[in-house]
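Novice: Dumping the structure here so I can ask a few things about it.
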Amino acid sequence: IPMEELNETFVREFILLGITNLPQVQVVLLVTFLMFYLVSIIGNLSIVTVVITDRSLHTPMYFLLGNLSFLDFFYAATTVPKMLTSLLFDDKRISFQGCIAQLYFFHFLGCTEAMLLTSMSYDRYVAICKPLRYHVIMARGVCLELAFTSWLVGSLYSLFHTIWTSKLPFCNMNKISHFYCDIKPLLKLACADTHINERLLKVVTGSIGVSTVLLIIVSYTFIATHLHSIRSKQGRSKAFSTCTSHLTVVFLFFGTALSTFLRPSTKDSLEHDRMTAVLFTVITPALNPIIYALRNKD
């Protein structure tokens, strides 16, 4: 055995430090996050159930919305239950295998959501700018391809990062400065050079993030141009109202996600990441069904 390995104790489990250690604050966070989680479960499962059972909602827009709600249900379930358990029982341990699995599903669902939101912007573009050809362009096969591509890209993206992270050696230090297993906090614990991992995270995540944002901007640029050509103020208002829910969700998701994963990994940035992560792991999955339900007469 090499001499350097004798002094290394390889990590078999991690300790998730969570958001705070103050008991009074933990109680408040437990109640608050539990309420958001219940809203997320009930809201997203309700949308999925209604979209499946109501034949009048078997349209491209609601097919994609059903996919988004199905995803948000599991997105919250990936991180929130463990966080609630930690706050309730003060059990902050997670096995190495459980940590890697959580990392995979978190990034899988997060990337898939970015792709689905992009597909939904294209759907709105076709509906507003090419209404007479909407059902031809957004045929059933096209919708299935958009959804399948979103899930496939998300899976491959997450698998790439998960494999690279899981192959790193983790020794001695096992305290993760977060409430779930994420790439950047794990790279800080690795007892090896992680510059390549950090660069790949920025390049790959940045490429997907920037490309999806640009595609959404292009879709809404065409929509804005088309709305400007509509003379009727009521017609413009009616057309734009179909986009406001989607735009709200886009700003919530991309605003926090991109600021988290594209920022350098410093001590201050990791602390900020932990706070912003609450928004897109706890709050956003609960707000999405509310936003779509309140803005939608169907």
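Glycine too: its Cβ is placed from the backbone N, Cα and C atoms.
Source: prediction; values computed, not measured.
Sharing the features that TrEMBL gives for it:
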DOMAIN    43-292  domain 'G-protein coupled receptors family 1 profile'
TRANSMEM  27-52  transmembrane segment
TRANSMEM  64-84  transmembrane segment
TRANSMEM  104-122  transmembrane segment
TRANSMEM  142-164  transmembrane segment
TRANSMEM  208-227  transmembrane segment
TRANSMEM  239-262  transmembrane segment
TRANSMEM  274-294  transmembrane segment
Novice: Do any residues, 6 or more residues outside the transmembrane segment (208-227), come within under 8 Å Cβ-to-Cβ of it, and if so which ones?
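Specialist: Long-range Cβ neighbours of the transmembrane segment (208-227): 111, 114-115, 117-118, 121-122, 124-125, 128-129, 153, 157, 236, 239-240, 243, 247, 250, 254, 257-258, 261-262.
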Novice: Please indicate, using numbers and ranges, the residues of the same chain that are 6 or more beyond the transmembrane segment (104-122) and have a C-beta under 8 Å from a C-beta there.
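Specialist: Tertiary neighbours of the transmembrane segment (104-122) are 61, 64-65, 67-68, 71-72, 74-75, 78-79, 146-147, 149-151, 153-155, 157-159, 161-162, 180-183, 208-209, 212, 215-216, 219-220, 246, 249-250, 253-254, 257, 280-281.
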Novice: What stretch, picked from 27-52, 64-84, 142-164, has the most CB pairs under 8 A with the transmembrane segment (274-294)?
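Specialist: Comparing 27-52, 64-84, 142-164 against the transmembrane segment (274-294), the winner is 27-52.
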